[in-house]
Amino acid sequence: MASRFPKFSQGLAQDPTTRRIWFGIATAHDFESHDDMTEEKLYQKIFASHFGQLAIIFLWTSGNLFHVAWQGNFEAWSQDPLHIRPIAHAIWDPHFGQPAVEAYTRGGASGPVNISYSGVYQWWYTIGLRTNQDLYTGSLFLLGLAAVALVAGWLHLQPKWKPSVSWFKNAESRLNHHLSGLFGVSSLAWTGHLIHVAIPEARGQHVRWDNFLSVAPHPQGLAPFFAGQWGVYAQDPDSSSHLFGTAQGSGTAILTFLGGFHPQTQSLWLTDIAHHHLAIAVLFIVAGHMYRTNFGIGHSMKEILEAHVPPGGGLGRGHQGLYDTVNNSLHFQLGLALACLGVITSLVAQHIYSLPPYAFLAQDFTTQAALYTHHQYIAGFIMTGAFAHGAIFFIRDYNPEQNKGNVLARMLEHKEAIISHLSWASLFLGFHTLGLYVHNDVMLAFGTPEKQILIEPVFAQWIQSSHGKTLYGFDVLLSSSSSIALNAGKSLWLPGWLDAINNNSNSLFLTIGPGDFLVHHAIALGLHTTTLILVKGALDARGSKLMPDKKEFGFSFPCDGPGRGGTCDISAYDAFYLAVFWMLNTIGWVTFYWHWKHLGLWQGNVAQFNESSTYLMGWLRDYLWLNSSQLINGYNPFGMNSLSVWAWMFLFGHLVWATGFMFLISWRGYWQELIETLAWAHERTPLANLVRWKDKPVALSIVQARLVGLAHFSVGYIFTYAAFLIASTSGKFG
């Protein structure tokens, strides 16, 4: 008999129902649960799959470069970045009638095209690419890299090339290599690219492989480096009248500490960015030589952790036992990695608009909105994933004996206190914030707006002032003309910072008021509630008062029947599932706030946000309803326009989102009856009944239906907001 899917589970392969297919897909990546899985095989499989992941990433980025080179307008855009719209790729659609062809023929193209809102044009332009040939070269290089990654993945599954478990668990060597090699050397290489290629290109000097070795990036070459006069590299920076991409107004400095933005491109100075990467490189290369490997010098992670026992005894055995716990648990490591990556991704969202690194990005409003929203949603999914794997760690990998009395055990021992404090914070934030919004809403409705409760965020304003924002008149630290910090800083560091922070044409330290105070606390409510659900899910994953043996049921059980007072909705999976809704909700508030605040800034009408954001109807009417008008106007009695794709996607997103509820609300019995009725009809319909299937159709399990429902909810939610965001922004600013 031919082997049936899934090969990794004989038990499942023999299941006579359609559960075999769905459950097979669901557990395909849960390597730990597969037949004949050993620790060694597990590590090797994951290691090899990383190369596959890299290959996919390189192929994708290669495709971006290739399509822009083939169908885009990069060379034309480079000549006039502020007035030509960047093209992502052509649209070939046989359904397009003449009005559609006309509506989507933009950016100087000869046929219908998609406009790029990803920021890749600005990025490629900033790092020194100028021609389609450059893009093709990059695309081919990445394609080659993808092929190399695939070969490497295959190679490391061959018997002679499989690394051993001890190699995977050698934490110090891995730390050294990742710190020095991955972060350090790559940052150094990037500094090299910026200094040798990007900065000369920004000054009108074209450096490629043919003249790479003959053009010195600095007039004095390496002489100041060896003479120890490094300050020479910071002398003569580009002037404020510098035209990016030309020699006009350019200087010779390569490593600066100017602060602020290039006046024309409104982006960070390239010489500042090079300096930053050089500093990071030095830091990480040094850090990558700190841990003890074969040479008997340096730190041992285990010794450091074992020594971390607070002397007063107030924290028990401190970090003892943590080294082996972390080093032997892939879920713990993945949880830590996801937590870090999630925070970094959210920081990218924040910094890409407040300190734009790419030339002319700040003037491309739709791209800024898209990049911010994209990175915040990605961050949300990654962060919730960190807690999911934390919970799986507690169920599968946590050993109470090994961790007796240390910080991990103590977290579990006083989890009630942690959970109840988080619960209290969430309740406090929720009731007070909603109370203020509702009060203000009623006052507006009754025609007495002066009776609103409006609270100035004085502490946040004070912090902004201490960083140099003079608007509020606090006269403190960098915003005080008599401050030592200010006077010392003028000549020493970041002379451009104070100009930037007090300039209203950028997004650095936005002016804040009562509307910001309220929405800040609404977001804080969302963050605390999401965290509460995730933390409770992880800390109760092994067991709770209601269900002490929860660990035996695994990560994703639906119920254990009505005994014990009802045990549905209490698995670690259920907590994760609920938290994702809260995460999406919270990031909704974050992106609404960011977008509305910036629409006012970009349109020169900050009063609208300030006046309308203090009550609920203001958000519903003056943000959501008002800005959806262009969207709904994609198709109208006069035909269609280039917003029609977003109008359609807006409706389609709502459809997908609403489909989610069908899976989230109805129960298994309903589906089982429906499926049996459909199967009955199929078997009795001529022609259709020639097609048979071997598996007996059964409804999805409760857990699977939840996953399908959640997936539709998430995808629909994000599709809907993406369409709204891009249409409302591009409709206003082109």
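Each Cβ is built from the backbone N, Cα and C atoms, and glycine gets one as well.
Residues annotated as transmembrane segment in Swiss-Prot, with sequence analysis given as evidence: 46-69, 135-158, 175-199, 273-291, 330-353, 369-395, 417-439, 517-535, 575-596, 643-665, 707-727. Swiss-Prot lists CYS559, CYS568 with the feature [4Fe-4S] cluster binding site, giving sequence analysis as the kind of evidence. Taken from Swiss-Prot, the feature chlorophyll a B1 binding site covers HIS654, and the record attributes it to sequence analysis. Among the features that Swiss-Prot reports, chlorophyll a B3 binding site is placed at MET662, TYR670. Marked as phylloquinone binding site by Swiss-Prot: TRP671.
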| query | Who are the long-range neighbours of the transmembrane segment (175-199) in its own chain, taking Cβ under 8 Å and residues 6 or more past its ends? | reply | 126-128, 207, 212, 217, 254-255, 270-271, 273-274, 277-278, 280-285, 287-291, 293, 301
| query | Of the binding-site residues CYS559, CYS568, MET662, which sits closest to the residue listed as 'phylloquinone binding site' by Cα distance? | reply | MET662
| message | For the transmembrane segment (369-395), I need the partner stretch with the highest count of C-beta pairs below 8 angstroms, choosing only from 46-69, 273-291, 517-535. | response | 517-535
| Per-residue Cβ crowding (10 Å cut-off), top of binding-site residues TYR670, TRP671 | TRP671
| message | At a 10 Å cut-off from the C-beta of MET662 (chlorophyll a B3 binding site), count the other C-beta atoms across all protein chains. | response | 14
| field | Most Cβ pairs under 8 Å with the transmembrane segment (517-535), selected from 46-69, 135-158, 330-353, 575-596, 643-665 | value | 575-596
| Under 8 Å by Cβ from CYS568 ([4Fe-4S] cluster binding site), counting only residues of that chain that are 6 or more apart | PRO558, CYS559
| remark: For MET662 (chlorophyll a B3 binding site) and the residue listed as 'chlorophyll a B1 binding site', the CA-to-CA distance in whole Å is 13
| field | Assigned element (helix, strand, coil) containing MET662 (chlorophyll a B3 binding site), judged by DSSP | value | helix
| remark: According to DSSP, TYR670 (chlorophyll a B3 binding site) sits in helix
| remark: the residue listed as 'chlorophyll a B1 binding site' falls, by three-state DSSP, under helix
| Cβ contacts under 8 Å made by the transmembrane segment (707-727) with residues that lie 6+ beyond its boundaries | 26, 117, 366, 369-370, 373, 377, 577, 580-581, 584, 588, 591, 595, 627-628, 630-631, 634, 643, 646-647, 649-650, 652-664, 700
| Honestly, do the transmembrane segment (135-158) and the transmembrane segment (46-69) touch, with at least three Cβ pairs under 8 Å and pairs 6 or more apart in sequence? | yes
| remark: Rounded to a whole number of Å, the separation of the Cα atoms of TYR670 (chlorophyll a B3 binding site) and the residue listed as 'chlorophyll a B1 binding site' comes to 24
| message | Under 8 Å between C-beta atoms and at least six residues away from its ends: which parts of the chain pack against the transmembrane segment (643-665)? | response | 100, 103-104, 628, 630-635, 700, 705-706, 708-724, 726-727, 730-731
| Taking the Cβ of CYS559 ([4Fe-4S] cluster binding site) as centre, how many other Cβ atoms lie within 10 Å? | 16
